[in-house]
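Working notes, beginning with the structure itself.
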Amino acid sequence: MLKQRTLKKEISATGVGLHSGDKVTLTLRPAAPDTGIVFRRIDLPDTAEFKVQPHLVTDTKLCSALECNGARVATIEHLMSALAGLGIDNIRIELNAGEVPIMDGSAGPFVFLLQQAGIVEQDAMKKFIRIKKTVEYREGDKWVRFDPYFGFKLDFTIDFNHPAVEHTGQRITIDFADNSYIKEISRARTFGFMHEVEALRSMGLARGGSLDNAIVLDEFRVLNSDGLRYDDEFVKHKMLDAIGDLYVLGHPLIGAFSAYKAGHYMNNQLLRALLADGDAWEYATFAKIEEAPGAFRNPIGLPPALQYV
């Protein structure tokens, strides 16, 4: 059967919050089958831990943030993206501040942490959410959509009127039966424009942002001396964010996701629209690995002895 996955051991890292600028210690712990993805603020007294769910996303202006019973955790999308990319079903995430550390602005450091901790299979069937019919959310010319598809495929288009972005690819399609999350998506960094950074800082935000954890652009060019990691890093980062936003469902998706000029808010609204329509989705498990979509048959991160053939 296709099994659930967790960490072999706990692991910690320290970084800064992108918006708060605060020093943050993040600890990732193994969790029992069917636990799901659970956050806990250890700096708050008597704070109950909470499981990620779309309705707990309360802020999507600059990042994806969860809030439950007064405990808020912001900038979850890169960590959530890494968990999705490595197929982690069950994990406890502890933080001593209100924001996941930004690290280098991508999901790469979180992928490294998860791989260092080790990934193990558990004696429980992995549960998927399968898209049964098209679900769409629109605002003006922006839109996001789920379609039925036996696998996991994403199509994302951005439209930035900036010379440094326009000459890179502004559309990308990835089918995870054929493409590697780690190699092709995970290292794409968040990006921002200098005039926006200055405005955010005047409001007490982006205090932890720097050229070490973001691509920064002025009116004409990329300011980072090392340039881009991918030719199409801008749109790849938007896809990285979307993968993390969608994993707030708590289960991997079997279906196709398409987006045009979308962000955290629209991604979350699409999840809410999906869950509100009971005819649009169903849970799925696979007793035989060969019956599962190719995107999920040979999960990344397992020891070679556990890789499926």
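Cβ coordinates come from backbone N, Cα and C, glycine included.
Annotated Zn(2+) binding site per Swiss-Prot: H78, H237, D241, in sequence order. Positions annotated as active site, proton donor by Swiss-Prot, on the basis of sequence analysis: H264.
Projection of Swiss-Prot feature records onto the structure.
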residue: H78; record: Zn(2+) binding site; Cβ within 10 Å: 32
residue: H237; record: Zn(2+) binding site; Cβ within 10 Å: 27
residue: D241; record: Zn(2+) binding site; Cβ within 10 Å: 24
residue: H264; record: active site, proton donor; Cβ within 10 Å: 21
Cα distance (Å, whole number) from H237 (Zn(2+) binding site) to the residue listed as 'active site, proton donor': 12
Cβ within 8 Å of the mean position of the Cβ atoms of H78, H237, D241: remaining residues of the chain near Zn(2+): E77, S81, G105, S106, A107, A188, R189, T190, K238, L240, G244
